[in-house]
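**Student:** Right, I'll just put the structure down here and ask away after.
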Amino acid sequence: MAAQAAPAEELSKLSVDETKPAPAAANGNDSDAESGDEEAEEGAAAPAAGAAKKKKKRKPKKKKKAPTSQSEPPRVLVSQLFPNNQYPKGEEVEYVNDNLNRVTNEEKRHLDNLNQEFLTDYRHAAEVHRQVRQWAQKSIKPGQTLTEIAENIEDSVRALTGHSGLEEGDALIAGMGFPTGLSINHCAAHYTPNAGNKMVLQEDDVMKVDFGVHVNGRIVDSAFTVAFNPRYDPLLEAVKAATNAGIKEAGIDVRVGDIGAAIQEVMESYEVEINGQMLPVKSIRNLNGHTINHYSIHGTKSVPIVKSNDQTKMEEGDVFAIETFGSTGNGYVHEEGEVSHYAKRGDAAKVDLRLSSAKSLLNVITKNFGTLPFCRRYIDRLGQDKYLLGLNNLVSQGIVEAYPPLVDKKGSYTAQYEHTILLRPTVKEVISRGDDF
């Protein structure tokens, strides 16, 4: 930016008086008296010049421009990239059967407009998820520890929402809606490293990356799978296609059992060749999609990923996580391994806790996570230690739910893809949809 011109009044004070006659000279030389006068004038002019220098205006500092793109790793607040809370919409998909009625119905459109705060929070959370996961897909490489990968994702989510979660109650405003699951190979879900975990991602691993982002309790739950060996591509393609089939089938008044049938048909049309053997891709029949409630990752409705007689209907206003899991193994998972995922139950009965460590930890959980899922690393970063006995007591009392890792048979490979959808009055919005999947 160019320096601004000084005001005319300032310049008039500092300029030499051009109307005053110059002193006479004799034979080209000044007289002694004239010389003395000149010296006096020069002496007077010197401070004036100094004053001019002092009064010279400094160049105004250039204003920092607001960022227009995301950094790598992601650290720019998403709210700065989208002024006035104008976050991108998800993919809007028309309802198949009664779409015309819903789009043209004035009452339905009015209901849609009433949900602006709800939609703004969801779209904000979805944009954070998109930006973080798109960076994660580029940055995750063999040789990284799972702890490094998880913390990179979580630090990015906290930076983009503007809530570090270190002050009491801060994580309840915005941040992680579900701990970063990094489930490898035959482990399908609910694995994240606890403190001290040294596990390293290998070239031949198939890793599910499942994490949630929330803004004001509106949780966006979405997952993808990372594999570096192209032989696993058909497995990933099967699960991605099955998830999209479930999303396509979903809608108001649709029975969840019918969605499961559509998912299974697509999923099990794929095969994958591993070590010269053709293996069918199977839907993991005891894993489901689910509704998402305010500050609660699991609602009361489930969406099977196999054909089912479940007659439960999706309803207007529901928020669903449509997630599918495919496996080269049995297509059935069981609990195995050290627990890392937990959540305080919203329906827990009031219990008189006798263990002081359990009472203290419950207070920490309530004030920092509420009913949002958390993992042990989140408790560690709050400065808590020696809490495991108290945590196990809260689980045994039914106050906190533990979510152990879910595994198929050893030697098998599993994949997962997941999106969050909103069943709005006029349209189905795949809120977490991105250019990546």
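Heads up, residue numbers simply count up from 1 along the chain you see.
Glycine is no exception: its Cβ is also placed from the backbone N, Cα and C atoms.
Keep in mind the model is a prediction, meaning the values are calculated, not measured.
The substrate binding site annotation in Swiss-Prot covers H190, H298. Sequence annotations record features per position, and here Swiss-Prot assigns divalent metal cation 1 binding site to D210, D221, E418 based on sequence analysis. Per Swiss-Prot, divalent metal cation 2 binding site is recorded for D221, H290, E323, E418, and the stated evidence type is sequence analysis. The compositional bias 'Basic and acidic residues' annotation in Swiss-Prot covers 10-20. Positions annotated as compositional bias 'Acidic residues' by Swiss-Prot: 31-42. The compositional bias 'Basic residues' feature in Swiss-Prot is assigned to 52-66. The region 'Disordered' annotation in Swiss-Prot covers 1-90.
Quick one: where do these features end up spatially?
**Tutor:** Around H190 (substrate binding site), the same-chain residues at least 6 positions away in sequence with a Cβ under 8 Å from its Cβ are G181, S183, S340, H341, Y403, P404, P405, L406.
Taking Cβ-Cβ distances under 8 Å and a sequence gap of 6 or more within the same chain, the neighbours of D221 (divalent metal cation 1 binding site) are G177, F178, D210, G212, I292, I297, A321, E323, E418, T420, S432.
For E418 (divalent metal cation 1 binding site), the count of additional Cβ atoms within 10 Å of its Cβ stands at 22 [all protein chains shown].
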**Student:** Neighbours of the divalent metal cation 1 site D210, D221, E418: Cβ within 8 Å of the Cβ centroid, same chain, sequence order.
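**Tutor:** Near the divalent metal cation 1 site, beyond D210, D221, E418, sit F178, G181, F211, G212, S222, A223, A321, E323, Q416, T420.
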**Student:** Which residues of the same chain, at least 6 positions away in sequence, have a Cβ lying under 8 Å from the Cβ of H298 (substrate binding site)?
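**Tutor:** Set apart from H298 (substrate binding site) by at least 6 residues yet with Cβ under 8 Å, we have H290, T291, I292.
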